[in-house]
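As annotated by TrEMBL, domain 'Thiolase N-terminal' applies to B:3-262. Feature annotation from TrEMBL assigns active site, acyl-thioester intermediate to B:CYS73. What TrEMBL records for B:270-410 is domain 'Thiolase C-terminal'. Taken from TrEMBL, the feature active site, proton acceptor applies to B:HIS367, B:CYS397.
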Amino acid sequence: MNTLSKELMEEFEEVFNEIQRNKAVKGAVLISSKPGSFVAGADIDMLKNAGGEAETTELSKNGQNLFNALEKSKKPFVAAINGVALGGGLELTLACQYRIATTDKSTNLGVPEVMLGLLPGAGGTQRLPHLVGVASALDMALTGKMIKPKKAKKMGLVHHLVEPLGIFLALFYPFLHKIYINFPQTITIPKVISYLLKFGAFEKNFFNKMIKGKVMKQTNGLFPAPLLIADVIREGVINGAEAGYKAEAEGFGKLSQTNESKSLIGLYDGQTHCKKNRFGNPAKPANSNLIIIIRNIAVLGAGLMGAGIVQVSIDKGYNVVLKDSFSPGLARGQEQIYKGFNTASKKKKMTTFERDAIMAKLDATLSYDALRNADMVIEAVFEDIDIKHKVVKETEAVIPEHCIFASNTSALPIGDIAKASKRPEKVIGMHYFSPVDKMQLLEIITTDTTSKDTVASAVQVGLKQGKLVIVVKDGPGFYTTRLLAPTLSEVIRMLQEGVGPQKIDKLATSFGFPVGIATLLDEVGIDVAVHVSEYLGGVFGERFAGGNVQVLKDLVARRKTGKGVYMYSDAKSKNRPVNDTATQIFKSFELEPVEAVSSDSDIQLRLISRFVNEAVMSLQEGILDNPLEGDIGAVFGLGFPPHLGGPFRYVDLHGAAPLVENMRRFEAAYGAAFTPCPLLLEHAKDSSKKFHS
Amino acid sequence: MSGTQYKNLMPHDLQREAIKGLLKRTGIPKDKLEYVVIGTVIQEGKTSNIAREAALGAGISDKTPAHTVTQACISSNQAMTTGFNMIASGQMDTVVAGGVDFMSDVPIRFNRKMRSLMLQMNKTKSTMGMLGHAAKVIGSPVRYLSPELPAIAEFSTDEVMGHSADRLAAAFGISRLAQDEYATRSHTLAKKATEEGKLSDVLEYKVPGVAEPVTSDNGIRITPMEKMAKMRAAFVKPHGTITAANSSFLSDGASAVLLMEEKKAKAMGLKPKAYLRNYTYMSQEPKDQLLLGPAYTTPTVLEKAGLTLNDIDVVEYHEAFAGQILANLAAMESDYFAQKHMNRPGKVGAPSMDKFNLWGGSLSIGHPFGATGCRLVTTCANRLKAEDGTYALLAACAAGGIGHAMIMERHPDY
């Protein structure tokens, strides 16, 4: 990936000046020699190490000045974009006189700074409105969305498109320069809104009501960047370039110091970490000369999870066997997989031919025979230890010796499952999240007997499937399920205390959870919640206490299709009615609320503090390897508020001491469930201790 | 050229005339033919086994079976090698192979929505039901009545061939000028060959309802270079280099050859022209390498025959686009291409232009898809005699990323 680092910017400036001086040079083409990447954005480390607000504002100003000089250059600069042009990368092209992009699949344009809690700080907020109009500029800067080449041409972001040359690029570069220099042309697109903005009344309504209103609705006001981006764009449009650039640089400096930005950059680092295999490549097995490369995967069980795992595997080049015991179940799974790719082809993300070629990698079968060539088996059968044991035995009777056996379980200890195995060193947990094709996280679970090669191979497969991979130690509930259990337990207590599900949901979402926690109970499945609560409650005792599990049990017993805590008659209704039966059950288990810890903010803190405490405990106990993976697991698997950056970042930025203080209050009301763990106490005592360096 | 003298015919008419001409020239008795294989690309639904219809029409015995093959622009090459294999394996002794394509009339269908409605109409009995169907069409005429043209794009990639050719030309740095010059070469050589009477394989055809008999190709025209340079890009607009003038044009045409073993020919008192020695088919991925068939098949077929380019006296390549021909030649001269894509140690070398398509090619003579293969074979045979050579090489690319090449040897009696 190309990034705009300090060194690169200095080098660019030198070359730029040389081009201006040298009379023989008539113009220049900016092109990347790396296929698939023009410039991916500013160097994140440079931003992190920039220092305080003043220094970061200065950094933005330097970028602005260089790009302004580029924009004013009398010799034309052509940006030849193949691959991603993001953030500072796109801003660089915006200052060029001409932009030409290939229609290659890898070509994407955007200003995703908002996702790092920042704003486009090198002229992006000022040049975009002129090029694509205020509405599109706001859309791009506020959402950070990627723009595909054809759309970019339509909206006026690039002047011209060229078809990619596929595999022959190396032969092509000399020729490319010629085409690019020969065919620039100017573009103008109608900017109705820019015109209307000249009228004060419209301007106020547009920015304050339409744009900021929308932002507030979508972010609950938890993210400062989008609001500031709207202000900075407004400044440039209304008060001119000078004011706009000033506002942009100052805004950039200001945002860089916010906790939200630090959290989001932390998540970015975490994602980078979780896209690498820290176990390296699988090594040669001692008794063989062959390096095992996983080519053939078999998935057992064609349910939602099984089919989802197949879906993220067959389009990555794996040959996949999908095995189920019953023909109707197998057919349902096949339909789910086909539907996923068919939808993609309808949205023009792939051709129907590509869809069919991908589906040709699938072998759906009712027989174990097809597992004969499997390099890895992932089981996604019913969550019952006896059934899992049966499947391990039946599978191992067929699979080759080198084959890995992975279990997709959300709570059963992998060590227990491995007890039925002849080759426990080949047994591992691969915990996917539903829906598998949408949820980015994969939690890999290793036992004491799992071999390093097995882990390395499993991580490799997960990464190839496009997952963010965290690797944790085996234990009850692993990492993610273990965090969820006390949180749900607290929700039940609240429901018993008479806090309505809608209120709980609203408090959770306004705190930054993407899904309300009461709704989450329905989404996880109440029967699953019962299973997890009873099992983990049994193992961990008092710390997991809270609401009465019997509430859930009654809910399961009296449950009807389409009803959980809420009624699901209309699939998408926003104001879903609460299930009356559920309300009755909560009533029958009524608890007296403790006034001192029942304010809105205390309800939020009760949810988050148990979650965070359990996360820190997982690190303390060595279930988690490092806090970075802990943050990624919590945010991408469980929907922990991203603007807080994950439980560990939250403690680092917001302090362990205030958290512990609040927990002590809750402890006084409810007991051991809120007792801070030793590691958290250590951090509370010494504020210089941080989880992230 | 399509839409001219042949426009009121049907495809099998052309193939029938080609077979009739072949029978007349060779003088072989009609009942001595054992099999007919014909290649075609765009299929007329009424004559889906066009080989049978043309053979019957030409007066070949109704006891002589026939089948039709399709393999895009190398369909009649496939017809010939099918016959070649029948004879080599001893199944048949005498085979007519040929090919036809007719772009003056192509099957344009109702779209799928309308077809499905029409099929439902067959099952509808009540008047009200019929009115219901009619109402749908009247309600949204565009959706029901917009027709479906025969696919001109590669099915697997959805890319039009000219578009792919343009990318290929750019990838190998083939300039617009070079392409225009090559196209001019093709037309100039075809004109010369026609004037000198070298294209003796062309038949005269008195088309019913057309006063003058058709005696020569009507697509050969030499366009001044300045005029060619002004032509607009036909596919990749506006900076593409492929134009109407440096591409092969839509044509109507048919061809036929007679295949048999040498000893059989001699026993029948026929005079053979050439041996078909070796052939090969290879395929590549159909997106970026759609038209590179000749670059791959040429070295392979030479190796099969134990020959080198130096042994070859006559070279005939199918000219789909001037840019495609030049890109293939550049690929054969590229070490990078040989190492990266052909798994060879170094470049394979391109044939010399002194031997290359000296009587014009598909760009000028025309390219009725299914017919071109036999045309290449007869040109090779006739050029071997005219130029007193021994070995000829022909090669062609086809949709689907398929390539074909063949080695021929002049018969000593010819």
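Glycine too: its Cβ is placed from the backbone N, Cα and C atoms.
Whatever TrEMBL says is automated annotation, not expert-curated.
Because the structure is a prediction, the values reported are computed rather than measured.
Residue counts of the domain 'Thiolase C-terminal' (B:270-410) by helix, strand and coil are 59 helix, 37 strand, 45 coil (DSSP-based).
If you measure from the Cα atom of B:CYS73 (active site, acyl-thioester intermediate) to that of B:CYS397 (active site, proton acceptor), you get 7 Å. The Cβ of B:HIS367 (active site, proton acceptor) has B:CYS73, B:SER248, B:PHE249, B:SER251, B:HIS318, B:GLU319, B:ALA320 as same-chain neighbours under 8 Å, each 6 or more residues away in sequence. Each residue in the domain 'Thiolase N-terminal' (B:3-262) has a pLDDT score, and their mean in this model is 92. Long-range C-beta contacts of B:CYS397 (active site, proton acceptor), restricted to its own chain and to partners at least six residues apart, with a cutoff below 8 Å, comprise B:CYS73, B:ILE74, B:LEU290, B:LEU291, B:LEU292, B:GLY293, B:PRO294, B:HIS318, B:ALA320, B:GLN324, B:ASN328, B:GLY403. When secondary structure is read from DSSP and collapsed to three states, the residue listed as 'active site, acyl-thioester intermediate' falls in the strand class.
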